[in-house]
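Here's the structure, in structure tokens; my notes come after.
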Amino acid sequence: MVEPVPESVNFPLEEEKILNLWDVKDCFQECLKQSKNRPRYTFYDGPPFATGLPHYGHILAGTIKDIVTRFAHQSGFHVDRRFGWDCHGLPVEYEIDKTLGIKGPEDVAKMGIAEYNKQCRNIVMRYSNEWETSVKRMGRWIDFKNDYKTLYPWFMETVWWVFKQLYDKGLVYRGVKVMPYSTACNTPLSNFESNQNYKDVQDPSVIVNFPLIENEQISLIAWTTTPWTLPSNLALCVNPELLYVKVKGEEKQSKLLIFPGKVLKGKKYKPLFQYFVKLGEKGAFQVVVDNYVKEEEGTGVVHQAPYFGADDYRVCAEYNIIQRDQAPICPVDASGCFTSEVTDFAGQYVKDADKNIIKWLKENGRLINASTFKHNYPFCWRSDTPLIYKAVPSWFVRVEHMVQKLLDNNGKCYWVPEFVREKRFGNWLRDARDWAVSRNRYWGTPIPLWVSDDFEEVVCVGSMAELEELSGVKVTDLHRESIDNLTIPSRCGKGVLRRVTEVFDCWFESGSMPYAQVHYPFENRKEFEDTFPADFIAEGIDQTRGWFYTLLVLSTALFGKPPFKNVIVNGLVLASDGQKMSKRKKNYPDPTLIVQNYGADALRLYLINSPVVRAENLRFKEEGVRDVLKDVFLPWYNAYRFLVQNVQRLQKEEDIQFLYNESTAKQSDNIMDKWIQSFTQSLIQFFKAEMDAYRLYTVVPRLVKFVDMLTNWYVRTNRRRLKGESGTEDCLWALETLFSVLFSMCRLMAPFTPFITEMMYQNLRHLVDPASLEEKDTSSIHYLMLPQVRERLIDKRIERAVSQMQSVIELGRVIRDRKTLPVKYPLKEVVVIHQDPEALKDIQSLQKYILEELNVRQLTLSTDKDKYGIRLRAEPDHMVLGKRLKGAFKAVTASIKELSSEQLEAFQKTGSIVVDGHELHEEDLRLMYTFDQSSGSAAQYEAHSDAQGHLVPSDEITVYYRCQPEGEYLDSVIQAHKDFILATTKAPLLPFPVPKSASTIIEEKTQLKASDLELTIVKGSSAPLAPLNGPACSYVNVRVKVNNKQQEGVVLLENPRGDNRADFDKLKKACSSIFGTNDTQLRFFSGATELTGKADLHSLSGKTLSVTSGSPSLSPAPTTDALLCPYINLMLCNAQPAECQAGEVATLLLANPAGQNALDRSGLLSEAAKVFGLRGRRLRLYLDQDLTQVKSLDTKTLFVRVSPTTAEA
């Protein structure tokens, strides 16, 4: 039997009751049992680390996943949802190293790998209980009991199988590559890890002499920024074609000889240190030549430490100074400290040893100059310590050869939003590099390679059974402590093979999860192959360089197809001030407290009904969650309560047992019943189409709007019918209609708000005829399928008619408010004038509701404006016309006000009119209806039209007001109640004047209490735009000399400001594109210093770089602070950037290279749209915030305004 519904409700408390209900009934598992024979819908859950607590980013991604998988289940699919845990890797090890004070491999060796891994295993699931509690409290249904952990032996075994497939395809190789290396974590990092944490630092810069053996009075002079690499020096390199100068004395006043670098080839020099002096017998300590040396770099003589620089390694190998298969000359251990070979600095951390090395050089007469310089340097993303570049034997997976295949497979995936696929992810794929998958660590899946001492014999093991067969030992665990001691007999007479010491990068494990979570191919082979690729995944936009990437690389390499079909990418949740959420700053509310205060449903709906679902950023505001309760849940709850009250009243007073059966319910002939049924079926139709397209961001606003339609229109206008005041039969029709709509709405909203829908359903289900439901078990709303669209109930004419009625009622309410006439005072007549007779018929059909809602005695309909003295009048847009017409503005304004209603009606149709010789358009005039003062209607009637602002709750606005006369009663009321007004409108309230650059949404004048009140609502916040001095974005001038052709131009290092910041690779690509150098290898120099991938480009802003490919010229490029190309700054006035762009200030170059590719006005508009991510939108350019028209581009700043779309207009 249906239970009474209390007047007040505590949503968080009700959610706790629902959680208990789900636990008692084991609802999630019951769902899975019920759907086991349905078609499969595959979902992959990206594994988080449990070494930290869940935050809003996790809650957001989890909510998106829960909504989509619940929708899939309610659409007739079976959806396995298994939680995954990332258990291995640096995050875990770093915590242990901090706790136990472990500094390097020696400390691990002392305690033993078994004990170290035991400690790691103990903390892996440190916060797992908090995670499970948080996930369940948010209403997410996912299987924790049948989870997967990357430390499970069966998961690790599949990771081995994946690697063996790659190995057998020839995609695995061992390389000694100079790589970014974390000395704190004792491991090399991949290219995407090393780019995550750059900082500005001061580093040493030294110039050192190298006396020639043949004449120690003559020295070669070399420059380096890494003194710690000097003990490993094995050669000096010069450019064979460069001209070198032999000088006497430090001031270079005596030029003795000028000669090409090739003259120096083979000359021996005196080693700096004696540590590796024996290598001189094998060709070390000689001058070698290579074209990579450029004149702009230091002295033109480059010191070679082959195991600390990629070019050094290549050149020294070519000259046989080192052998690729020899033991590396790398006297730096895994912790970044010098080994015992470097006797003078043994045990010292390399960065700390710099000052001691410089001191040694000075004391031994080898130092010419020492200084420091500031640059941008990479730090370890996990330990926040400086990386060094070091040649480490690493295992790589080949990726570069399959870039096109990666792009092709990416093209087969459906991305929401779509631009992430082409732009952010696509750009990352185009630059893909071979992937370093090995880590010199302990707690991870060991790389399954057993090798001979010389690495010539390699066996790749792909399973535990294969390892047992080859080693003779049965294993049940695959961590290092269990298998490192196992050997495999050599088949080539090389004794025994031992496992390499490295473990997998944890990204390799998470990229393998589609296969490893089901132990493929050892188990579940058919099930996996039938459901791969996954139907759906979702994560944050930061995973374009993480999980999305590794999934695609491995699936492309293994199966030649993408790993998923559909993906939703969410943006970042920021603090309310737009900053990153920070525990240290405490700039965001605790998620647990938000759920305790407002409930999980409110937080879910707030997050999903925001820009963050379109991969944009959300500024989290607690009041936004509170407003979901106030504006959505409470009205919805009250409608549900009102239904139950009247069902119980019907039973008590009429002894009628209400029981709803959709198939036997009679069709009501009441127009409002038909309207809400039609509106509901249209919503179901829209809901299914948009959810099938994964567009959550279009669905939620419609659902929220539906709550308003149901509560503020249907229930409000039918209260008497629902109470039985119009007879029992009509009451039953109304109750059946309201029940039907609420029941459908609960099923639609169930994936989004699982708690409140379950709460209502547990009571409403007692009013449903069991025979009307297809499902056998109906004890939870989440067991029910989504309602089917009943197209026969859709009547667009009725929907249109009610929309017209709503407009009339809303306009009438505004007029009453304007005249301070409460609804309780009846009025004689409301007159509705409309040009469309069909619209008037629609309004006539709903006359009863209009009269009742507005409390008027008579509704008069007419198409004749003239009969009532209604005239059109025009007001000029002072902001636009004032600047454009200047001196003529006053006369034109007077003429505009004299325009007849007939002329303005023609203007409405054509969109243009000529006034005093000036052609005016829609944006120049504002039209409004008024009374002809001579008609007599002005004294009887008050007019208002249906102009609307089309705002949504998330729009940022500012309200401006003016009271005349100032200081009177109304003005004092506004001043006294500003806080209340702010709380209601959630927008700043400011006095006139309105800034001329403001984007006006709507303006209105009215009279209240003998005062004139003028209100203007504008888009955006009220903060003024700061003036710009010079280019808005950082830049470098570039002078290029390639193939005897000289050009000059500019590269912007960011655009918009603060966004799309360039690194060294992007600089190279930009120059290649701008100057048409194609595949030419370019070198970049700032003064005499060659830039490398470590260069801090933004510290060079305003400087001029020299770019060359061959032998550089002797004279460095002059530096300048002025751009070499004409430019223009752009300031976005009335819109937000889109397509993941963030900045609202940008710079465009009007020509680039200098004197070429000049931008005209249309080109400028096109480029402006691109830079702000507003392609497809119409832009207008102005000279200032007062919207002065642009006559030429000979200016430094333009203001960009975005014209409204048809939907917004």
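Here the Cβ of each residue, glycine as well, is placed from N, Cα and C on the backbone.
Caution: TrEMBL annotation is automatic and unverified by curators.
What TrEMBL lists as domain 'Aminoacyl-tRNA synthetase class Ia' is 18-618. Feature annotation from TrEMBL assigns domain 'Methionyl/Valyl/Leucyl/Isoleucyl-tRNA synthetase anticodon-binding' to 673-829. According to TrEMBL, the domain 'Isoleucine--tRNA ligase cytoplasmic ubiquitin-like' annotation covers 1030-1111, 1123-1206.
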Can you work out whether the domain 'Isoleucine--tRNA ligase cytoplasmic ubiquitin-like' (1123-1206) touches the domain 'Aminoacyl-tRNA synthetase class Ia' (18-618), with the criterion being 3+ CB pairs under 8 Å where the paired residues are 6 or more apart along the chain?
yes
Do at least three CB pairs under 8 A connect the domain 'Aminoacyl-tRNA synthetase class Ia' (18-618) and the domain 'Methionyl/Valyl/Leucyl/Isoleucyl-tRNA synthetase anticodon-binding' (673-829), leaving out pairs fewer than 6 apart in sequence?
yes
DSSP puts the residues of the domain 'Isoleucine--tRNA ligase cytoplasmic ubiquitin-like' (1030-1111) at 16 helix, 27 strand, 39 coil
When DSSP states are grouped into helix, strand and coil, how many residues of the domain 'Isoleucine--tRNA ligase cytoplasmic ubiquitin-like' (1123-1206) land in each?
11 helix, 22 strand, 51 coil
Looking only at the domain 'Isoleucine--tRNA ligase cytoplasmic ubiquitin-like' (1123-1206), report the model's average pLDDT.
79
